[in-house]
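The block underneath contains the structure these notes are about, expressed in C-alpha cells.
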Amino acid sequence: MEIIVSAKPWQRAAALSVRMQVFVQERHIALKDEFDDKDLPTTLYAVAYAAPDKPVATGRFQAYDNVTMQPERIATLADYRGQHLGAQIINALENVGRQHGYQKALIHSELTAQGFYESLGYHVASDTFMEDGVPCVLVRKEQL
C-alpha cells in the first residue's frame, strides 16, 4: 500500500472517487454537501493506493489558522477497512502539517469515529453538533 500526498489533478480525482463511493453512495451524504468550495486545484489530498490505479482511502488537508491544521473527509473503501488506512492517512496529513509549521490539529468527527480519533491522540473539545445531517463532535490534538 502506497500513500501519496499531492495536489496534482490525478490525485484530486482519486480522492474524489473514494469520497463519492464512501460518503455519497454508501453514507447518502448529498453531493452538494460532500463536494464543497474547499476542493480546489491547490488542495492537498492524501490517498492510499492498493495498486497504481486503485485508490482505496483518502483525506484532505486544510489550514484552520496559522498554528492549527484540519484533516478532513477521511474515508476508506468498505473492502479495505480494518487495515489501519485511516490512521495512516491522518499520519500523512499531520506530517504535512508539521512540515508547514502547524502545531495543532482539529477534526469534525462523526460520533461513530470518535473512538478512532481518540486512539490517535485527539480529545473531544465540543458538545455534539449536526454536520451534513450527521451527529459530530470537535476533536483536537494539542501537539502534532
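Just so you know, glycine gets a Cβ as well, placed from its N, Cα and C.
Annotation source TrEMBL lists domain 'N-acetyltransferase' at 2-143. If you average pLDDT over the domain 'N-acetyltransferase' (2-143) in this model, you get 96.
Taken through DSSP, the domain 'N-acetyltransferase' (2-143) splits into 49 helix, 51 strand, 42 coil.
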